[in-house]
Amino acid sequence: MHKPLINISPHHLLGFCLAITLFELLTYMASDMIMPAMLTVTRQLDASPDHVPYAFNLYLAGGILLQWLIGPLSDHFGRRRMLLIGCAVFALACAAAFNVQSIYAFNGLRLIQGMGLGFVIAVSYPALQEVFCEADAVKIMALLGNVALLSPLLGPLLGSLLLEWLSWRELFLLLSLGGVMVWLGLYLFMPETVGTLRHDGQRLEAVRFEWHGTLRRYAALLTNPRFLCAAVALGVMSLPLIAWIGLAPLLLIHNQGLSTLHYGLWQIPVFAAVILGNLILNRLIANTELPQLIRYALWPFCGGLIALVAVSFYGASTAMLISCLALYAVGLGMSNAALYRLALFASDDSKGLVSAMIGMISIAVMGGGGSLIAAAGAGDSHETFALMAGIAGLLSLAPLRLFLRRSRIALAV
């Protein structure tokens, strides 16, 4: 176990790290586990299948809804209290879905459930940075990054398997039970980092929450071109993957007539490719500068997206569509963590606030873009999806090119 910066026993430190990891896993998996059941949800709630992608996109929207406020509030009231509140809200929203009777109430609860993502990004990530030294914090954040990558792979597959024995209502009840267990883990083991004396003699003082000061700092970030380009690029680069998660039930189950189990199995190549890209990143990062690593990643990234556009004109089978997405996903896995770190340090402001802003911008782009792609009819056929997803992903090259150019100028200065 890594040596902490604060006074905490080894078993409390281990319990804290496990609770944070499980909360992240739970909130990420909750976005995907229900997707195999969404056609059943719409049918039982007498709703149109057009509501299927909104279950995912509204969850993402919930992740950014209060993130801008959660971060500064945790600076004032403390990380522990805010994370306990966030975990409780998530668990209660999942429990409420057990008795939902309309699609609009269901969608509203998905929005509230998604707020758990905001607490993970704006509260738990800064808490880890404050407990460990920089080197140890980076290693642990890399581990959490792998957890986030595993969640979209395990979510649909695990959801498909559980739906063989459970109803979608019981699945939400299971998620709520997981939230209660995580809340107990956080309550028992999570230390307070704000106002705590560190071993180096420093103390992270509570920052008084001021509306004008907080808004002024956010406004300063919005006038930072390097930061904006990186945050927007992060969202647009992930857009084809987000669109696939939201529309795969329509494309595979509704249009192709596949079972929920086969739907889950078809997710494996795509998300395994993201993990492969992450492993390549870990292999190259020791001897490669981050901007150059992103340039390497653009080869499979662009190759997969161009292939998607090409197959849209010649007929796209499921296997061909998945192959193109997998190639793109390798590039995404190679570049995502590197670009996130560059975005985080594109500003000198506190990393909690910067992290919250990155999350808000990137998730807003992913959620809004995913909704536009769905509304444009990308779920009608494989060919339509391939064309729209390919073009959407390639749009990321514009902000990414601007960011890399400005980064090169900044390094030269």
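Using N, Cα and C of the backbone, Cβ positions are placed for all residues, glycine too.
Per TrEMBL, the features are as follows:
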type     : residues : note
TRANSMEM : 12-31    : transmembrane segment
DOMAIN   : 16-407   : domain 'Major facilitator superfamily (MFS) profile'
TRANSMEM : 51-70    : transmembrane segment
TRANSMEM : 82-105   : transmembrane segment
TRANSMEM : 111-128  : transmembrane segment
TRANSMEM : 140-159  : transmembrane segment
TRANSMEM : 171-189  : transmembrane segment
TRANSMEM : 227-251  : transmembrane segment
TRANSMEM : 263-281  : transmembrane segment
TRANSMEM : 293-314  : transmembrane segment
TRANSMEM : 320-340  : transmembrane segment
TRANSMEM : 352-378  : transmembrane segment
TRANSMEM : 384-404  : transmembrane segment
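If you look at the transmembrane segment (51-70), the same-chain residues 6 or more away from its ends with a CB under 8 A from one of its CBs are 30-32, 34-35, 38-39, 41-42, 82, 86, 103, 106-107, 110-119, 121-123, 218, 242, 245-247, 249-250, 254, 356-357, 359-360, 363-364, 366-367, 370-371, 374, 379.
Between the transmembrane segment (384-404) and the transmembrane segment (82-105), fewer than three CB pairs separated by 6 or more residues in sequence fall under 8 Å, so the two stretches do not touch. Per-residue confidence over the domain 'Major facilitator superfamily (MFS) profile' (16-407) averages out at a pLDDT of 87.
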